[in-house]
There are 2 protein chains.
Amino acid sequence: MTLRRLFPLALLVAAWPVFAAGSGVVGENLLWLALIILAARLFAPLAQRVGFPAVLGELLLGVVLGNLGLIDFHYFDAIARDPIIMFMAELGVIILLLQIGLETRLGDLVSVGARASMVGAVGIVVPFMLGAFVAGPLLLKGLDFNAYLFLGATLAATSVGITGRVFRDLGKLKMPEAQIVLGAAVIDDVLGLVILAVVSSLVQAGTVSLVDVLLIIAKAVLFLGGSIAIGRAMAPHLLRQASRLDSSHSMLFSLVLVAGLFMAWLAHKMGLAPIIGAFAAGLLFEPVFLKEFETPKLVQDIEPLLAGDPLHKQEEVRAVLRRHTRHQHEQMIEPIGYFFVPVFFVLTGMQVDLTALADPKVVMIALGITVAAVVGKLVAGFAAGKGKNPWLVGWGMVPRGEVGLIFAMVGKNLGVMSEAMFSVIVIMVILTTLLTPPILTVLLRRQKS
Amino acid sequence: MTLRRLFPLALLVAAWPVFAAGSGVVGENLLWLALIILAARLFAPLAQRVGFPAVLGELLLGVVLGNLGLIDFHYFDAIARDPIIMFMAELGVIILLLQIGLETRLGDLVSVGARASMVGAVGIVVPFMLGAFVAGPLLLKGLDFNAYLFLGATLAATSVGITGRVFRDLGKLKMPEAQIVLGAAVIDDVLGLVILAVVSSLVQAGTVSLVDVLLIIAKAVLFLGGSIAIGRAMAPHLLRQASRLDSSHSMLFSLVLVAGLFMAWLAHKMGLAPIIGAFAAGLLFEPVFLKEFETPKLVQDIEPLLAGDPLHKQEEVRAVLRRHTRHQHEQMIEPIGYFFVPVFFVLTGMQVDLTALADPKVVMIALGITVAAVVGKLVAGFAAGKGKNPWLVGWGMVPRGEVGLIFAMVGKNLGVMSEAMFSVIVIMVILTTLLTPPILTVLLRRQKS
């Protein structure tokens, strides 16, 4: 007997047989979550065996689940629209960006800051131009100029979630190219918001208020600069205070999680994407701030045994212990990630509507638009500067993922985007999202050898 | 830019300033979760410092948050009614019972089975009788007989969540008394459902269908017996198969979680409480089934250093490593627990309406009913048999928690329970729920000395 039944149960008692059979949707969510986590977990090693990152397995799983309606199996249709599962997915991508933030050193990010800004700016401007002024008018003739503008905006989007996850799955988050892509993707998330605002405003009012645009940019700069500056100034003190109350690892775990959720909320309040806040929160926890938190029980138990012993490998054993404890805060929210992150990627896959592939003419146009989408971002890769692999950076920016779908959705709802154009964009999103993980894998492997 | 905005955003673009200010409720949930986790985490060490289990801190926090409306602060009012937060709370108690199941050996439970059944049965029958035939008619004169029946049913309820959490917080889950209480509480959860069905049916139809009652019992026995028998027969094979695919700890973690969610759903489908299913799922993972899963990286790294060294404390170091890895599967879902479990207890606390305490006459009657509620369960403690501390067992059964509130809610919605009687029950629930943690703490401390 559980809390959730509090209200439904009161109603259900009136219809006892229904109650006895279980009260529907919320209960069903338990099964859905179990299925998503299980399927993603079983897919991951299979994907890895073929050499691809686990995220590809999750995305493809989502595509399959989301399109079972094609063979008249509609059980999963409700998942993608369920607000609770959607919130879980949202938490998933927040947790993912928090993890990526924890594994990123602010110093590394700052050192690639100028390059990342360049890549970000080029990666927004070039695809936008290509979409609005070249590929759009060329491939989708006779549409309203506003439609081309929206197409450009969609091509400008970047899905930091997909790319970050690929680099993370392959253990490459710390390489300079990954840092540049991360920085650029954060900048693009802000610029994407600006473009969407501008384009939406143009479509609706015919004009753009410069004040509104500047306001969005100001808020973003204020949030990112302010929260990181204030956060990093306060973090050491707050962490020391908290460790005095309880210096266990579980306290630190909760603080990391709370910081992630809080900053995600704050970003959201400032009109930014919550994931940007979660990423910024991850940057606040430098290993050096965490020395007050106790080492895990295991280390405490082994240390006295070592100390009293004339063991010549003593220092090596200590080094192993140190290595594992130092990295622990980076991995500490991993278990939460195993729970939520697959929900996000499976749901992203489920948004993909394969019926868009039914019309060969639409597919041809979509291939053209996809080329523009890829080329636009690859150009940005060459802004990464000497010594960096431009292809890695460029492809890192290619996936449009859920962001591209959101942009297309907005356009469709504003009436500026036709059904056909929407299908074209969905195909472009499918291709850029699903091609990138394997291509990045191949590029990274070649880089190594 | 995230998935959750997919649909709301399309609407919000129509009203750009609103969008820029953030899209409301779902975003707000991020803040609420952060506040609940943070507050619970900061309260816990304070409660422990005074010697009380952390759960008391979370419950009291909930009571405070839920009653801030009294000083005209209504920010938190929406939390307790938010379906997403309610689902999180539901997940919290499911995770908690899964944890408790993981830490319970089926063998231990079977060995106290007969005693637990006795305690469970007495703990249902005596409080029901006391409520329906003694305390009710005596203290709440002139009410309908159905109202007394409902009062009896409410007094019969047991909240396994609260009690399990107290024993767990104090590290006493493995003591025989805790095992008896756990077994009895599981039985009571089923019997409570039967009583609620019978009483509701009597109130509504004036009769009870014996078939319906037997059906509930049959389903419960079938589910518990069947799932544990089939589950334990299949678990070793399924786990071996899964470990061949991926023998990492994260795979095992996901399997445990999936089993918990799946069995919670199955229990729910059978008309039982999801937490019973989660508990049963925890019982499926015996340490011996898990030997195929790899030992953590740390142990792998240290082992070769030990092997090549003439260290006379080598075996002691190994023993420490063994101890920590053996228990690891029991603690592996702990992090998920830190996230969700407090949400459940804070929300349970929030259900408590302190305005019930405003009328001294109601409070006096409530104290009388509380005495009946406590005495009824303490009597059950003496069914635990020789060598067991009857007070520990008895008090372990006392908290009515969210289950008592649900029963009262059903009665209120059926029109059988007056506002005054509802208030009386709310006070009884407050007292039994909040008094039990400190009393159990004192009893356990005295037991030790």
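Every residue, even glycine, has its Cβ placed from backbone N, Cα and C.
Pulled from TrEMBL, these are the features on record:
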- A:40-289: domain 'Cation/H+ exchanger transmembrane' (DOMAIN)
- A:325-445: domain 'Cation/H+ exchanger transmembrane' (DOMAIN)
- A:84-102: transmembrane segment (TRANSMEM)
- A:114-135: transmembrane segment (TRANSMEM)
- A:147-168: transmembrane segment (TRANSMEM)
- A:180-203: transmembrane segment (TRANSMEM)
- A:209-230: transmembrane segment (TRANSMEM)
- A:251-267: transmembrane segment (TRANSMEM)
- A:273-290: transmembrane segment (TRANSMEM)
- A:332-350: transmembrane segment (TRANSMEM)
- A:362-384: transmembrane segment (TRANSMEM)
- A:391-410: transmembrane segment (TRANSMEM)
- A:422-444: transmembrane segment (TRANSMEM)
Note: vs the transmembrane segment (A:147-168), the recorded stretch with the largest number of Cβ pairs under 8 Å from A:114-135, A:180-203, A:209-230, A:273-290, A:362-384 is A:180-203
Which residues of the same chain, at least 6 past either end of the transmembrane segment (A:273-290), have a Cβ under 8 Å from a Cβ in it? 90, 93-106, 109, 160-161, 182, 186, 189-190, 193, 223-224, 227-228, 231-232, 235-236, 239, 252, 256, 259-267, 326, 329
Using DSSP, what is the helix/strand/coil residue split across the domain 'Cation/H+ exchanger transmembrane' (A:325-445)? 101 helix, 0 strand, 20 coil
So what's near the transmembrane segment (A:391-410) in sequence-distant terms, Cβ-Cβ under 8 Å and 6+ beyond its ends? 119, 123, 150, 153-155, 157-159, 161-163, 166-167, 177-178, 180-181, 184-185, 188-189, 192, 196, 200, 348, 351, 373-374, 377-382, 384, 417, 422, 425-426, 428-429, 432-433, 435-436, 439-440, 443-444, 447
I'm a bit unsure how to read this: which one of A:84-102, A:114-135, A:180-203, A:251-267, A:362-384 has the highest number of Cβ pairs shorter than 8 Å with the transmembrane segment (A:332-350)? A:84-102
Three or more CB pairs closer than 8 Å, sequence separation of 6 or more: does that hold for the transmembrane segment (A:362-384) against the transmembrane segment (A:84-102)? no
